[in-house]
Amino acid sequence: MAAAGAEARGAWCVPCLVSLDTLQELCRKEKLTCKSIGITKRNLNNYEVEYLCDYKVVKDMEYYLVKWKGWPDSTNTWEPLQNLKCPLLLQQFSNDKHNYLSRVKKGKAITLNNNKTLKPAIAEYIVKKAKQRIALQRWQDELNRRKNHKGMIFVENTVDLEGPPSDFYYINEYKPTPGISLVNEATFGCSCTDCFFEKCCPAEAGVLLAYNKNQQIKIPPGTPIYECNSRCQCGPDCPNRIVQKGTQYSLCIFRTSNGCGWGVKTLVKIKRMSFVMEYVGEVITSEEAERRGQLYDNKGITYLFDLDYESDEFTVDAARYGNVSHFVNHSCDPNLQVFNVFIDNLDTRLPRIALFSTRTINAGEELTFDYQMKGSGDTSSDSVDYSPAKKRVRTVCRCGAVTCRGYLN
Ligand SMILES: C[S@@+](CC[C@H](N)C(=O)[O-])C[C@H]1O[C@@H](n2cnc3c(N)ncnc32)[C@H](O)[C@@H]1O
Ligand SMILES: [Zn+2]
Ligand SMILES: [Zn+2]
Ligand SMILES: [Zn+2]
């Protein structure tokens with residue numbers, strides 16, 4: 001965003017730089033001399049418009065109140081419209097104004113006071129929206145810095161003023177709690193020259209190879225996946241290495257408009273029966289899950305995922321530590337299905353949990369799984385941990401499926 005006052009007066013102006021006039025004004029307000037901050041062409045780059053806060057008309061001239069990036073609100077300045085060169089920020093200002101008006105159902109209401117200044121409630125909303133946008137962008141950057149897979153993570157909220165969650169930490173893999181050890185070295189590795197045709201790791205475990213040549217899962221739900229591991233002779237292109245490569249698709253954590261809070265949608269088409277993401281969190285004992293279950297409210301409880309493949313000693317708690325799967329909502333007619341996976345850890349009490357598409361999922365579609373199918377795939381088992389002491393408060397399901405069971409739990 002550029003403010004080109006200087007340009008209008010024939011002085012130089014580079015996109016994203018502030019006019020010399022404005023700079024001097026900033027210095028005056030901050031009680032700095034231009035010399036003390038060493039004004040040169042180069043460090044004029046420090047003056048970038050962060051967002052637009054307000055609007056007014058004076059003598060038929062339009063002005064916007066500018067928040068300068070890296071400078072406190074006290075240094076905000078009114079800039080005439082012709083000095084503002086960034087169409088994106090102007091567009092956002094206008095969009096936010098219209099959103100506010102449509103929300104308060106006064107679409108045609110006058111937005112300016114008699115003295116031709118914007119109504120304070122509108123300006124307040126626009127500033128909140130701008131701050132939210134910055135916070136969400138920062139969070140998105142952080143998620144992408146932390147993730148270790150190919151697919152990008154986007155964050156979007158066009159619904160309300162909710163910002164990033166305050167107590168959520170992104171992790172890529174299980175985080176064992178003290179006392180739980182996750183063995184990360186397999187005891188067996190194959191020596192196949194072609195893992196697709198030979199007796200490979202799945203055969204060793206007495207099961208079928210989980211994938212076809214197109215990297216799609218071909219085994220029925222409830223059957224475990226045994227992938228090739230670090231002891232295997234095969235390379236990274238082995239057809240039996242899918243979950244271990246992580247999410248390949250660009251996904252978006254978005255604010256749902258049906259009151260479900262955050263949800264996850266795919267930004268690209270996902271083929272049926274394809275690996276989408278892993279469910280990760282803290283690995284805790286079932287006793288600890290019982291304890292946390294009592295502390296958690298209804299929402300917290302929905303993050304507990306019992307590892308009940310062969311035993312029920314452990315639970316994954318994705319409430320505070322998790323990946324994108326933390327934000328995946330429930331549906332009674334889901335497009336993701338849970339599978340138990342063994343790679344470097346062959347301990348059947350501690351399978352990894354992978355979510356595969358059950359059908360083609362188009363770009364823009366929300367991803368969902370059935371919370372009652374967590375783990376074993378048995379709908380009759382209550383895999384979400386409810387303490388007998390805690391009265392079961394049922395959450396009304398908003399999945400909207402024809403076959404909706406009415407409740408999440
Ligand atoms: C594992 S979290 C999913 C992410 C969550 N929406 C968020 O904003 O962080 C589960 C919580 O999301 C909401 N939720 C998920 N699926 C839902 C559904 N089908 N109907 C209503 N609420 C749902 C409930 O509040 C539930 O406790
Ligand atoms: Zn192998
Ligand atoms: Zn292999
Ligand atoms: Zn439902």
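Cβ coordinates are placed from backbone N, Cα and C, and glycine is handled just like the others.
Together with Cys397, Cys399, Cys404, the Zn(2+) 4 site in TrEMBL holds one more listed residue from Cys260, Cys332, which is Cys332.
Within the chain, the domain 'Post-SET' (393-409) has long-range Cβ neighbours (under 8 A, six or more residues past its boundaries) at 258-260, 298-299, 301-302, 329-333, 368, 371-372, 382, 384, 386. Highlighted here are the binding-site residues (Cys195, Cys201, Cys228, Cys238, Cys397, Cys399) whose C-beta falls below 6 Å from ligand 3: Cys195, Cys228, Cys238, in sequence order. Among the binding-site residues listed (Cys232, Cys238, Cys332, Cys397, Cys399, Cys404), Cys232 have a CB atom closer than 6 Å to some atom of ligand 2, in sequence order. In sequence order, Gly189, Cys190, Cys195, Cys200, Cys201, Cys234, Cys238, Asn240, Arg241, Ile343 are the residues near Cys228 (Zn(2+) 2 binding site), counting only same-chain partners six or more apart with C-beta under 8 A. Taking Cys195, Cys228, Cys232, Cys332, Cys397, Cys399 as the candidate binding-site residues, the subset whose CB lies under 6 angstroms from any atom of ligand 1 consists of Cys397, Cys399.
Proximity of the binding-site residues Cys195, Cys228, Cys232, Cys234, Cys238 to ligand 4, judged by a Cβ distance under 6 angstroms to any of its atoms, singles out none of them. For the domain 'Post-SET' (393-409), the number of residues in each DSSP class (helix H, G, I; strand E, B; coil) is 0 helix, 2 strand, 15 coil.
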